[in-house]
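Taken from TrEMBL as is:
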type	residues	note
TRANSMEM	24-42	transmembrane segment
TRANSMEM	48-65	transmembrane segment
TRANSMEM	72-91	transmembrane segment
TRANSMEM	103-128	transmembrane segment
Amino acid sequence: MLAASVTACTIVVATRASRRGEELLALTLCGLCAAAVSPWAWGHHWVWLLPLGAFLVTLALGSTARPRCPVWILPAALVPLTVPPVLALAVPPPNHQPALDTGPVAFVLGNVYVVVFAATLLASVVHLSRLDPPAARAGLGRRSR
């Protein structure tokens with residue numbers, strides 16, 4: 001039930017992104033969601049971090065016409081935690097003891113991919129709401145039937 005709810009929410013946000021011309025963001029959200037809700041996701045299924053990185057770089061270096069949103073700092077800060085040497089602190093290779101086996105840091109590192117997805121989904125909602133014209137946010141731009 002949780003996976004279905006997360007998937008439905010992601011589809012709504014990805015659709016909003018696509019309709020606003022943010023196709024790379026929409027594609028990235030769908031890929032990250034697929035890996036997050038999968039009952040078993042191997043590390044290489046998280047290849048969707050690459051399009052996320054590309055989106056973050058284009059956002060940082062992009063034109064000033066696109067509003068910058070500081071909420072993207074969180075996903076950008078979390079992505080480097082996905083490199084294998086950092087992940088090995090909480091999820092070591094076989095026959096090794098984790099350097100961090102309890103506490104909040106171990107929890108975040110052990111679930112870093114899902115945390116990155118959640119932060120990206122949240123940042124996307126905020127980012128897309130900033131792209132909406134004020135009338136649309138207030139519901140004033142809708143036609144009555």
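For all residues, glycine too, the Cβ spot is worked out from N, Cα and C.
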Recorded stretch, among 24-42, 48-65, 72-91, maximising Cβ pairs under 8 Å relative to the transmembrane segment (103-128):
72-91
Outside the transmembrane segment (72-91), six or more residues from its ends: residues with CB under 8 Å to it:
43, 46, 49, 52-53, 56, 59-60, 98-101, 105-106, 108-110, 112-113, 115-116, 119-120, 122-123, 127
